[in-house]
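J.: This is the structure I have questions about; it appears just below.
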Amino acid sequence: MTPKQSPNSETGAVTEPPLVLVTGPSGAGRTTAINVLEDLDFEAIDNLPLRLVPALVAAGGADRALVLGLDPRNRDFSTEAMVDMIDMLKARRGLKTTVLYLDADAEILLRRFSETRRRHPLSPAESPELGVSRELDLMQPVKERSDVVIDTSDLNVHQLRAEVERLFAPSGRRLAVSLHSFSYKRGIPRNVDMVFDCRFLSNPYWEPALRVHDGRDQEVQDYVMSDARFQGFFDRVLDLTLSLLPAYREEGKSHFSIAFGCTGGQHRSVTLAETLAKALAREGQQVSIRHRELPGQQLK
């Protein structure tokens, strides 16, 4: 997740329900994000032609927040028209407009299309690679105008739901913390604030009885925690986390993410994420966990 500056250019008081525009390339999770916002009591309208948006907003009279799904596949879509519309809405006094852009790497979008066996809407008679490339180029100026960009390349539907809820759920919730485990072989996860390398700890992978298990299992956790270096490392991580959370909360941050990495992303990093989650929960902290290398679901 990449938040940018305040979504509205004007400084007047907000007098209308918030407006969220959700867009992004096909296959990046736009529909999922809209569904989450609808569950949060937003009035949702998907695939609205661009020419109808200004009139809808000008009509006013809404009694709850509105989310509009803007699809680059629409017949009247043009990058210039959408950028102009975004600028117009952000300049409207009394209206808080937020542009949420769902993004993903080209190879991930291609994989999602191949898994669903769908043709790409911008190249129905040509290769999907060409369609993905065209759409990413087409949407780049819109991405640059967006207030929040969520890269869903490494997210499944549940993790995207959690991200959207943290951003748009009603105010008053606690600062949400998400903990991640990962394998360095696949690179550091996107959208994380702090990363810890756990590869110095004893590796359960080399124990045949533990290799088939993961860090959610007690026997693996016991093995990792038996390393004399574990407790000192964990205590420092916990102290650092607990000292940072109030500062981030005061700054208005709604979400803080911490990632633990090891060689395979199955044992040590999972153990650290699970152990920290339990410790933070005992402090009354809202926590979610994501183990990237363990099985998950794909976005649609």
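Backbone N, Cα and C atoms are what each Cβ position is placed from, and that goes for glycine too.
Reproduced below are the annotations present in Swiss-Prot:
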{"type": "BINDING", "residues": "GLY24, PRO25, SER26, GLY27, ALA28, GLY29, ARG30, THR31", "note": "ATP binding site"}
{"type": "BINDING", "residues": "ASP71, PRO72, ARG73, ASN74", "note": "GTP binding site"}
J.: Counting Cβ atoms within 10 Å across all protein chains shown, which of the binding-site residues SER26, THR31, ASN74 comes out on top?
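T.: By the 10 Å Cβ neighbour count, SER26 comes out on top.
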J.: Just the number: how many Å between the Cα atoms of GLY29 (ATP binding site) and ARG73 (GTP binding site)?
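T.: Here the two Cα atoms are 15 Å apart.
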J.: CA-CA, which of the binding-site residues ASP71, PRO72, ARG73 lies nearest THR31 (ATP binding site)?
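T.: Closest candidate to THR31 (ATP binding site), judged by Cα separation, is ASP71.
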J.: Need the DSSP three-state call for ARG30 (ATP binding site) to compare against my parser.
T.: helix
J.: Counting only residues 6+ away in sequence within the same chain, which have a CB under 8 Å from the CB of GLY24 (ATP binding site)?
T.: ARG30, TYR101, LEU102, ASP103, MET139, LYS143
J.: Using other CB atoms within 10 angstroms as the count, which residue among the binding-site residues GLY29, PRO72 scores least?
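T.: Minimum Cβ neighbour count within 10 Å, taken over the binding-site residues GLY29, PRO72, occurs at PRO72.
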